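> Sharing the features that TrEMBL gives for it:
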type     : residues  : note
DOMAIN   : C:29-182  : domain 'Sodium/calcium exchanger membrane region'
DOMAIN   : C:212-352 : domain 'Sodium/calcium exchanger membrane region'
TRANSMEM : C:30-49   : transmembrane segment
TRANSMEM : C:61-82   : transmembrane segment
TRANSMEM : C:94-113  : transmembrane segment
TRANSMEM : C:125-147 : transmembrane segment
TRANSMEM : C:159-180 : transmembrane segment
TRANSMEM : C:208-224 : transmembrane segment
TRANSMEM : C:236-256 : transmembrane segment
TRANSMEM : C:277-301 : transmembrane segment
TRANSMEM : C:313-329 : transmembrane segment
TRANSMEM : C:341-359 : transmembrane segment
């Protein structure tokens, strides 16, 4: 058994720990930490199960599965937080997922990859299409916020309507980017796919029933653990002296994206930058073009007023993250200094969110 | 007679219709729609006449004519609206022309062109020079607005003075871009010119007197129709339940730019992307570097306080349009997904302007 | 003796003139102008002395010296102004140095170089790394300002803490960019270095003691003159009818950067664009990643509350300067029109700062 698997099994122990902490009332802080750790191996297995099923059902359906379940953990946590009325945390975790994928994950990949390899390259056309998609996502998040800022007396209903209309546009665009990468322009993405297969190594045909079972069990457990995580969040973070904003933007995304972080960094060190960049940028695209709009629509269905009117400071964070990530990735080359610049941007943003004096309720 | 010409002659019928509606008082809504439709064939013929005269007078004087009369329809509508004191509509139509050329026209060209051709290419250097010119234009629009926002008690006179100074700089830059493209660096633009000639096909020497006559008559009629369009605008749009902002940003530019729309899309489908992009981007450059400054100076002469202090939300729209258009065009390649992204950005902006609760008078 | 040296010796006469004006109380305006002119030759000799010492001590230590003393004049003026409590002027001169290096110096270099050479080229990878570093610097300046704007009741202490944390990150990044350019990726910068040596011509081994003496004397005199410049600044500029903002953003950087201006333009006309761009962009990087953070830390030591919370309008200026400079330099090519666009952006910003009605004290 590899070292990675041992860590996973140890982390699984936090499932009973978190349950015990919850029912025996050991305190919200312990529930919060235990549930956060318990989610990590479950998220990793959901990723593996999705990939294994994808091998059996073929590239088209498999790609679709991957695209839908790729951020399943974040989506589950966010849906539960949304149902609990924690709209502020949901928005913060959208912001944070985008920022941490573009700056922390891509920065660490380029930095550690760049320490081993003087200059690393990846497909610039794919990077550009991704960059433009992320620009669109920023525009979609910017407009409702800017509208709220530049006009007096805008009603919550109008923001809701605008956000719903924008959400539908984003989901359509997301579907079209899948069509582009999986049907009409697959050749642009071939390097990344080859790297992905190469990374997994040759293995026999996976057992689809086994993996579907794993996927279902893990999804159930993640729901369960997320519920405890969300319930304990408010008390636990205030005990740690952290604001809800910091928790949502910095802490939650690290739990939710741990699996992608590990993959992107590992393959970057093997000089497979196409795969590494596509994991990091692809994950933020999924959040922006699929998860966020789904949450807007879910909020409308739940009767929770989830719109795309963000805290202006969160918007500043997403905008600068997208701009600097685009500026670094658009030439299809990277080195350790570029990784450092992304990490420095993340650090500076982290400080800013830490010091930001948000006193608003997290709801 | 081609199908295109039949449509033109049918649309010409709206000249008498609009006159009848105006003098027989059929209501502002009918006047507005009829005048809008009547302007379309006149704008197209002004374009053709300018190009035919350009063939006779040679490339330099011809290029200058084209550059000056290329947006004559917008300029005429805007001047009449400015004289009528509708400063808000004038500013909105400047914003809207830039946004619709960069997103709607270029987006539709890249989308429809990309459906036929897997990947289309155009001169990246020209795209970059254009991108930087548009950035300058955004800066020029941004500064007076930002100044008004970041200081209290700024006087209208100061904004006027700044806007006039900026307008003179922009007109000088516009003259220099003409010098660049027509004198010192023509070789960069040769592909586009060749495509343009190729597009027109070989034809005999045009009759300069005939076309000058057409140009004069059309200019007169457009003035006339624009007057009716502007007079009926306020009542008509409020009958339709639309705000002045939506009308200025979305509706007026579609009428004013219809001819360019048709040209850019047609040539994109023939894979002449250099010409297509230069029509779309060139048209927004003309608006930003020539039409807008001319209107500022005209407003000063008319005694109408026309400055470059825009509604911040319009500024956001222009800024994001320029950023996403630059990010998509700067590599000199396009495909259907990039066209889709531009169209999606236009759609999202359209929704935002539709929902924007401007209650200010359109003056 | 060359014409350049004659000008230098004439300008040196302003040292006694400024002293006489100061002690005989000829008025603050005369002290201000004389001290400004006296600083020019001193700054130039400090530059020469640093370069000569660098030849002796070898590339690594020499590069470090250059990087530290390259903006010594600005740093000295700023430190004295900071001690005098003129925090507003210090911030304005940071903004102004970045803007004038990127727009005025680079613009003039590309314009004059482009008049002689149809198209000039430079290393695009270096341009991109610099662009990303400048983006990071903008983010670092943006965050404290945005935080102050997007939250109510933020304490000065919090802004100070955030600014100090950000300053440390920027200094670390600056050290890493030196490591990158002088150790791990020197080959990317070889063209610029070759051009620099070529520019100086062959000359014998310099006398290190002589030049160290020159450096010390010049540093002392610049301190002295800067003190008079800062003391007379408030009265002199108000006599000229200029705001402190305009003085700090436009006038002070022209004095402080005169030597770099001359070098960058001269070498651009000799078609050594790698060197020219690296002087202009390198100087703004030093200001943003080294001088500004050092001033924050110095302010903390002096007990002067120097933070990175800028006037929002200054921030707009830096942001647009960085964006348009990046958009023009990122392809590694330039021509006279691109130089014109940078100069036009500078002119427009200059007008805006001239008209900006800041009534706040310069302290």
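Note that Cβ sites are derived from N, Cα and C of the backbone, with glycine treated the same way.
Just so you know, TrEMBL annotations never went through curation; they're auto-generated.
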> Please list the DSSP helix, strand and coil residue counts for the domain 'Sodium/calcium exchanger membrane region' (C:212-352).
118 helix, 2 strand, 21 coil
> Under an 8 Å Cβ to Cβ limit, what residues of the same chain, 6 or more beyond the ends of the transmembrane segment (C:30-49), are close to it?
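Residues 7-9, 11-12, 14-15, 17-18, 21-22, 69-70, 72-73, 77, 211-212, 214-215, 218-219, 221-222, 225-226, 228-229, 231-233, 236-237, 251, 255-256, 258-260, 262-263 contact the transmembrane segment (C:30-49) from elsewhere in the chain.
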> Mind pulling out the one from C:208-224, C:236-256, C:341-359 with the most Cβ pairs under 8 angstroms to the transmembrane segment (C:94-113)?
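The listed stretch sharing the most Cβ pairs with the transmembrane segment (C:94-113) is C:341-359.
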> Which residues, given as numbers and ranges, are at least 6 beyond the ends of the transmembrane segment (C:125-147) yet have a Cβ under 8 Å from it?
98, 102, 154, 159, 162-163, 166, 169-170, 173, 177, 180, 188-189, 192, 274, 277-278, 281-282, 284-285, 288-289, 292, 307-310, 312, 315, 318-319, 322, 325-326, 329-330, 332
> The transmembrane segment (C:236-256): which same-chain residues, six or more beyond its ends, come within Cβ distance under 8 Å?
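That would be 28-29, 31-33, 36, 39-40, 43, 71, 73-74, 77, 88-93, 95-97, 99-101, 104, 229, 311, 314, 317, 350, 353-354, 356-358, 360-362.
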> Could you name the stretch, out of C:159-180, C:208-224, C:313-329, with the greatest number of CB pairs under 8 A to the transmembrane segment (C:341-359)?
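It is C:313-329 that shares the most Cβ pairs under 8 Å with the transmembrane segment (C:341-359).
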